[in-house]
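Report on the following structure.
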Amino acid sequence: MDYFSYQDDALFAEDCDVAQLAKVHGTPLYIYSRATLERHWHAFNNAVAEHPHLICYAVKANSNLAVLNVLARLGSGFDIVSGGELSRVLKAGGDPQKVVFSGVGKTIAEMEQALQVGIYCFNVESSAELEQLNDVAGRLGKVAPVSLRINPDVDAGTHPYISTGLKENKFGIAMDEADTVFARAAALPHLHVKGVDCHIGSQLTELKPFLDAMDRMLALIDRLASQGIVIEHFDVGGGLGVTYNGETPPHPDAYAAALLERLGGRPLKLIFEPGRAIAANAGIFVTQVLSLKENSDKRFAIVDGAMNDLIRPSLYSAWQNIIPVQQTDAATYAYDIVGPVCETGDFLGKDRQLAVKAGDLLAVRSSGAYGFVMSSNYNSRPRVAEVMVDGDKDVVVRQRETIEQLWQGEHLLP
Ligand SMILES: Cc1ncc(COP(=O)(O)O)c(C=O)c1O
Ligand SMILES: N[C@@H](CCCC[NH3+])C(=O)O
């Protein structure tokens with residue numbers, strides 16, 4: 001199957017009846033394909049097969065335990081950004097020694113948790129964090145393995161909200177401070193400097209920003225070597241884009257080959273942190289049309305899924321393909337696909353040519369990454385169920401929330 005095409009194709013094959021799944025499990029509903037998750041992970045892993053490397057799936061993209069477990073069984077590593085994500089990885093059978101801990105604001109408790117379980121590496125994002133981690137490790141009688149996340153100041157050419165490698169972004173240590181902070185890290189007694197890392201943004205569809213970042217990072221690694229600071233690994237971050245609407249991001253083969261060529265024989269282990277490239281097109285979001293509505297010259301398809309279930313269209317004006325699950329004989333019109341949430345910005349798609357009527361099912365494609373994980377209970381809407389298709393079986397990997405669960409942990413005044 002072509003990596004560029006919608007990899008949720010597996011979910012529309014004859015042996016996966018999306019309409020039947022919606023009937024059994026209700027809507028709105030997330031559906032994931034195990035086969036596609038595995039294929040995407042292998043596409044990455046095979047792309048760098050000969051070179052020492054570790055694929056650390058970015059848990060934030062989709063942290064469902066079953067998703068993590070599928071990848072853990074393949075031997076995947078994990079990129080986490082919180083103690084909660086670390087707990088999920090462990091619960092799902094992930095190996096702590098294959099975990100890298102990214103994130104611009106780690107708490108002392110999270111540092112302790114990660115040191116206790118023995119993660120592979122902390123991706124440290126500031127001088128202050130470096131000092132804190134050294135103190136925490138010293139107090140626990142441990143040595144913390146660290147990599148420094150350096151901000152290479154390259155324009156990733158993506159949406160400003162998901163660009164992370166520019167000088168003005170909050171992430172990482174500025175390149176012009178990198179040498180000093182590395183020298184400090186090497187001098188601190190409770191740290192072991194292992195690596196260098198960067199992550200310039202998400203949904204990148206061109207190679208050039210990755211290569212520009214790599215050139216700057218390799219120049220740093222060479223400078224550090226001349227100062228006697230030996231770097232064992234280079235973590236290139238995540239960010240490889242997917243096809244939402246005709247984009248043609250590089251195949252992992254081309255991406256890895258280009259990076260390896262730039263590496264030029266340096267004996268550095270490479271770490272990759274892909275999230276979206278593995279999960280996005282392994283999932284769909286299924287919603288049912290509640291009613292059709294016309295306001296002056298505008299037509300709306302009001303559906304039972306909303307921005308609280310899938311926020312990417314509202315938050316980033318992200319375009320995701322929306323298709324009818326079954327053909328109907330309704331006339332085709334341009335619709336805004338909107339949810340029941342009380343916000344004008346509550347839409348899943350705008351101006352989509354669709355033949356639909358009330359009761360029909362729509363699938364929002366490419367929803368496996370940054371879908372359920374970004375959902376909320378806004379408007380007191382229970383979180384939806386997640387189902388994984390595993391060959392000819394389908395497994396509920398998260399139950400739909402009940403109304404009672406909505407107020408669990410809340411208390412009336414005495
Ligand atoms: C540090 C880090 N690594 C990995 C990722 C995963 O990115 P993507 O899902 O674009 O591969 C992100 C998210 O942008 C990130 O912030
Ligand atoms: N949530 C973003 C990606 C963020 C990447 C994390 N730094 C999206 O849905 O596109």
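The backbone N, Cα and C atoms fix where each Cβ goes, glycine too.
Residues or ranges marked as domain 'Orn/DAP/Arg decarboxylase 2 C-terminal' by TrEMBL: 33-368.
Look at TrEMBL and you will find 35-280 tagged as domain 'Orn/DAP/Arg decarboxylase 2 N-terminal'.
Under the heading N6-(pyridoxal phosphate)lysine, TrEMBL lists K60. For K60 (N6-(pyridoxal phosphate)lysine), the Cβ neighbour count at a 10 Å cut-off comes to 23, with all displayed protein chains included. Secondary structure at K60 (N6-(pyridoxal phosphate)lysine), as computed by DSSP, is helix.
G239 (pyridoxal 5'-phosphate binding site) falls outside any helix or strand according to DSSP and counts as coil. The pyridoxal 5'-phosphate binding site annotation in TrEMBL covers G239, E273, P274, G275, R276, Y370.
Marked as substrate binding site by TrEMBL: R276, R312, Y316, E343, Y370. The number of other CB atoms found within 10 A of the CB of E343 (substrate binding site), across every protein chain shown, is 14.
Across the domain 'Orn/DAP/Arg decarboxylase 2 N-terminal' (35-280), mean pLDDT in this model comes to 94. Taking the binding-site residues R276, R312 in turn and counting surrounding C-beta atoms within 10 angstroms, the largest count is reached at R276.
Spanning the listed pyridoxal 5'-phosphate site, residues G239, E273, P274, G275, R276, Y370 have a farthest Cα to Cα distance of 15 Å. Comparing CA positions across the recorded positions K60, Y316, E343, the one lying closest to P274 (pyridoxal 5'-phosphate binding site) turns out to be K60. For the recorded positions K60, R312, Y316, E343, a Cα-Cα cutoff of 10 angstroms around G275 (pyridoxal 5'-phosphate binding site) retains K60. It is G275, among the binding-site residues G239, P274, G275, whose Cβ has the fewest other Cβ atoms within 10 Å in the structure shown. Cβ packing within 10 Å was compared across the binding-site residues Y316, Y370, and the lowest neighbour count falls to Y316.
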